[in-house]
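According to TrEMBL, the feature compositional bias 'Low complexity' maps to 210-221. Per TrEMBL, the feature compositional bias 'Basic and acidic residues' maps to 223-252. The domain 'GST N-terminal' annotation in TrEMBL covers 1-82. Per TrEMBL, domain 'GST C-terminal' is recorded for 87-215. Taken from TrEMBL, the feature domain 'EF-1-gamma C-terminal' covers 264-299. Per TrEMBL, the feature region 'Disordered' maps to 210-270.
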Amino acid sequence: MALVLHAGNTNKNAFKALIAAEYSGVKVELVKNFEMGVSNKSPEFLKMNPIGKVPVLETPDGPVFESNAIARYVTRLKADNPLYGSTLIEYAHIEQWIDFGSLEIDANILRWFIPRVGFAVYLPLAEEAAISALKRALGALDTHLASNTYLVGHSVTLADIIMTCNLVMGFSRVMTKSFTSEFPHVERYFWTMVNQPNFRKILGEVKQAESVPPVQSSKKPSQPKEPKHKDEPKKEAKKEAKKEPAKPKVAEAAEEEEAPKPKPKNPLDLLPPSKMVLDDWKRLYSNTKTNFREVAIKGISFFPCFIYAAHGKICAFPCLLSTYGCLVSFCLGCG
Ligand SMILES: N[C@@H](CCC(=O)N[C@@H](CS)C(=O)NCC(=O)O)C(=O)O
């Protein structure tokens, strides 16, 4: 019987397990009628993953969340799976590249892409830092791939599956040809991987982004979606379907990646408006050469700064920027 994977059919994190399953002869099926923002917020789902994120795999021994853990589980279902290498050092290198792909590649692609499409605050300096960290990581990957076809050994391993799934969003959404041409071995590797039959079956056709998306204003979190009613919404859905041209599989991934979160009740609404003029403080701060500490402290409100940060946490720490009007990434509590 197939194992059930909870996620939408464009989720690049779910692709990891689905591709591993293809290579391993394991049956994994996406749950039917998954609706982002509805299915993953149901009480049944929250029992499987208390933070309501996908993917989640149902196994005979209970659920597993976190896409890398799920992909490892699926891989281990096959005894002596070559996806896991054949020696201890190969195994260590596979784990090394899995972590590298997740922490150095995926994280920086998301830091670049997500603010651009309005799902997080766009800060030019943060974007610059993300791109520079991404280039550093791609440079290291490129050097490795200059003399290696695969990340580890002489065939596809789980490291290649996870690395490629992480690169998919980059290549299809922000990393244009002029960006990736600096990393020719990464390019060769990526296009070779996505065209392997087991990858292609899951990813479909992957197309490289032609331009970096222009910065959009922050998207207001919408109200949580209601489950569809049986009758009238069907008509609406049909109309919508006519308007929207079909997108390639991975093109929709980002929409799912950062599904609009339900609007949290904002405790700040209860407070009087701040008297602090943020621009004045920023000017003072920028022009300060010596008494940095004093000026910084002026800007810290010791009234706890409650914000709904990009990663969905309420945090209640003093904020470096101003009184209660602070921006997500400067909050001391959320880092
Ligand atoms: N580290 C997690 C990331 C999971 C994740 O961020 N999932 C997104 C979709 S790709 C999600 O479920 N977002 C819904 C939410 O934040 O409520 C993994 O690899 O599984």
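Each residue, glycine too, has its Cβ placed from N, Cα and C.
Across the range of the domain 'GST C-terminal' (87-215), the DSSP-based residue counts are 91 helix, 0 strand, 38 coil. The domain 'GST C-terminal' (87-215) scores a mean pLDDT of 98 in the predicted structure. Residues of the domain 'GST N-terminal' (1-82) grouped by DSSP class, helix first, strand second and coil last, total 33 helix, 15 strand, 34 coil.
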